[in-house]
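Peer 1: What TrEMBL lists as ATP binding site is GLY110, PRO111, THR112, GLY113, ALA114, GLY115, LYS116, THR117. The coiled coil annotation in TrEMBL covers 457-484. For 403-412, the entry in TrEMBL reads compositional bias 'Polar residues'. Residues or ranges marked as compositional bias 'Pro residues' in TrEMBL: 933-946. Residues or ranges marked as domain 'Kinesin motor' in TrEMBL: 26-351. According to TrEMBL, the domain 'C2H2-type' annotation covers 643-670, 732-759, 760-787, 790-818, 819-846, 872-900. What TrEMBL lists as region 'Disordered' is 1-23, 374-412, 926-946.
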Amino acid sequence: MAATVSGAGRCRLSKVGTGRRPPPARVRVAVRLRPFVDETAGASDPPCVRGMDSCSLEIANWRNHQETLKYQFDAFYGERSSQQDIYAGSVQPILRHLLEGQNASVLAYGPTGAGKTHTMLGSPEQPGVIPRALMDLLQLTREESAEGRPWALSVTMSYLEIYQEKVLDLLDPASGDLVIREDCRGNILIPGLTQKPITSFADFERHFLPASRNRTVGATRLNQRSSRSHAVLLVKVDQRERLAPFRQREGKLYLIDLAGSEDNRRTGNKGLRLKESGAINTSLFVLGKVVDALNQGLPRVPYRDSKLTRLLQDSLGGSAHSILIANIAPERRFYLDTVSALNFAARSKEVINRPFTNESLQLHVLAPVKLSQKELGPSEAKRARGPEEEEIGDSEPTAPLASVSQKLSPLQKLSNMDPAMLERLLNLDRLLGSQGSQGTPLLSTPRRERMVLMKTVEEKDLEIERLKMKQKELEAKVLAQKAEDPKKENRAPTILRPLARRTVTVAKPLKKAVVMPLQLIQEQAASPSAEIHILKKRGRKRKLESLEASEPEEKSEDCWELQVSPELLAQGRQKILDLLNKGTARDLRSLQRIGQKKAQLIVGWRELHGPFGQVEDLERVEGISGKQMESFLKKKTKSKGPYICALCAKEFKNGYNLRRHEAIHTGAKAGRVPSGAMKMPTMVPLSLLSVPQLSGAGGGGREAGAGGGAAAVAAGGVVTTTASGKRIRKNHACEMCGKAFRDVYHLNRHKLSHSDEKPYQCPVCQQRFKRKDRMSYHVRSHDGAVHKPYNCSHCGKSFSRPDHLNSHVRQVHSTERPFKCEKCEAAFATKDRLRAHTVRHEEKVPCHVCGKMLSSAYISDHMKVHSQGPHHVCELCNKGFTTAAYLRIHAVKDHGLQAPRADRILCKLCSVHCKTPAQLAGHMQTHLGGAAPPVPGDAPQPQPTC
Ligand SMILES: Nc1ncnc2c1ncn2[C@@H]1O[C@H](COP(=O)(O)OP(=O)(O)OP(=O)(O)O)[C@@H](O)[C@H]1O
């Protein structure tokens, strides 16, 4: 029986009367570890995964063999668990939701050969989830629809596979590729998909077993009967109420055996198998993206990017109670697949679904339960005719009918709605969704909820109208006030006119201008002493006609001077001091003459020596000279120009520079002020600046990703705004990774990161470097030219900067691991290490050449395999490797060698690798019984090196 699934002809009543968003139900995740397939293998090769309890497991960390990665799920089933354990523990509990008219789905996920088909299908001796669930479900429906019970239940089944992005009906293989559609309520439909009614398990087997033989399977190196497609068994439970109000419910159960992700090096796939594998990997990759998008609350979830995710729209982030069974294998050769499957499972358990009851009124009441109008009351008789008839039928409805009609009529509005309005509502829905609103979603839920939202929209419109009115009133008031005091109105622009240089050269009266910040206009009357004078002094070229006789010495200078009262100055200095003591490196950069490097030096100094007593203490920071200090302080009193940033007090010669600088704080695009805007310099005395304002300063106004990209470069370049407000166009893209750079120099410097080439060698110790500047710096360290006064109290290593010392202590000697991974329990000493670690949680992407699944961070390295061939060849077996690191791993793993790095010096006594002869000399002390290293915790003392 071919049937087109359709919701037409029904009036949906789900959650009528509740008006609330359905309660959330997280996707539940269970992990099943299969036993060793070859039982003898277990003895020689211990499993790489170990169960800890019924919910958690641990797996070795391949980057650090001392560590294990721990995962926690809703359930963990070890290798000894039976099919019944999994079914009873994780699947059986969700079946009851089907009888409530809700959807449920069970997905088996995992790498190829990990036991997905075994879990879902099993064998005649060990039946899996599918036969067990069907048996129970049919039993339940029989009980529920027994005579005298209010509901009549019927069950149908459909069975399909997604093979190479084609939807194929396994019950009718001749039907070809079917399309997936979505109805106006967001239900996923497959028109033309066969639905077979089943009333007993024998019925089910009669349809299911031959259909299963239609599923595409094939032999790979890892699995003799590997599923080459995703198989989806859809079981629908229809319920019809036997008595009024003749409701109808529909619950859908998806039982999905996903094809396994495949590493084609190990499966040995070629030709068709490789093509199948590409389709499988791609759809699983999209599945990962869907999970990520749902977890991050992105406005667009890429369901449509693959047939699999389109079909699963209901199960992930939709309306189903979902359970994901992640199957994993114990063999070491599956290690990376296992980690990847566990990471996917960990991410999936964050996904929230909102199941609700799929309930509607029957339009055409079932014949057997149709009662005569006599048997029904008049109102019931009318209701039995169905809502459509209610709405369009009688011209003079009775009272109860009218009330039903009234309830339903507004719902019609939505279908008749103007598309623009519908779009607005959709946007609003997305917005609410992205903000994690507790409000009602719009189009993913039944109509009644949409009504609530529409009402909200109307209320918001009214609110906007009200605010507009208020604004108009206020504007009218302001105008009235201005009219009352025309003198004040006229004076303001004179006071506030910007003191541009050009105006000064021609305007004699501007010998002395009083410029008031806007905020001070009111205060000035009360406190004349708070005046701030900005004096324009005579320029050398642009001669001022005459200046006041009292200021003869100022005539020789060509600059603006800001004269502030001593109290204001003192307050300003105090604020700078606060900033020095409390601000982060980023905040400090908002100060005059303090860049990234100096900011870090200041923070490092502060961590070592405690807070600064006075601003002048800055001089004690290594790297800030007395001269710089002087000019730093001087800059606070001597102005570059009259344009002062209201947030960080930096001064600028002209408005354009100021606006460009302001973009740092606002993140706005620097540029011309719109013609209507007031062209005013922002002049605020330091005293008005509060520390929070200062500490908020320095936010980068990035307009384009720093990384840019080849595409963006091709389209005219990437424009970025640096933290100091400078706009840079990056026109040069790296062809390896697409990152954009401003010039060829930086591009070439970056390209070195893609190669292992180290062209620069230290003439003293032969250590090699990728960059010349790094090499020269290193060479200077040999002759003591690099001053390294900061010594580590734990190991004696010297550093030129306190922040370097601090980060060394944090990384090497501290047991503190403040940077925690959100996905697993790993913790790190530095942000960089955490960042490197998070790569492993990223869903792998397929290489477009060979289909191999890799973390995106490793793709560019991997591409070397296809482009230039291996660089590093093992001398023992002639095998090539793309990186020296891989060659080293190979030497250790396959030949049991401890391969020394070319740039390392080996200690002959214990084979420890040292970077430099100096380090080796230090290390030798441990063999000679030299002086013990300083006691940990000793404050490091700056010691000049000889
Ligand atoms: N829990 C288990 N107990 C015993 N044998 C198992 C178990 N799980 C899997 N196996 C066996 O492992 C082999 C591979 O399992 P299965 O075919 O189910 O893997 P799969 O994940 O479906 O692979 P593919 O994705 O390639 O289809 C089969 O021979 C199966 O019988």
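Just so it is clear, glycine is given a Cβ too, placed from its N, Cα and C backbone atoms.
These numbers come from a predicted model, not from an experiment.
Help me see these features in their spatial surroundings.
Peer 2: Under the three-state DSSP scheme, GLY115 (ATP binding site) falls in the coil class.
Within the model, the domain 'C2H2-type' (732-759) shows a mean pLDDT value of 75, rounded to a whole number.
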Peer 1: When you scan the chain for residues with a C-beta under 8 Å from the domain 'C2H2-type' (819-846), skipping those not six or more beyond its ends, what do you find?
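Peer 2: Sequence-remote neighbours of the domain 'C2H2-type' (819-846) are 61, 63, 67, 69-71, 261, 278, 281-282, 285, 288-289, 292, 339-340, 343-344, 346-347, 807, 810-811, 852-859.
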Peer 1: Can you name the residues of this chain that are 6 or more positions from LYS116 (ATP binding site) yet have a C-beta less than 8 Å from its C-beta?
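Peer 2: Listed in sequence order: ALA108, TYR109, GLY110, SER227, ASP257, LEU258, GLY260, ILE325, ASN327.
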Peer 1: What is the Cβ neighbour count of GLY113 (ATP binding site) at a 10 Å cut-off, with all protein chains included?
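Peer 2: Excluding its own Cβ, the number within 10 Å is 26.
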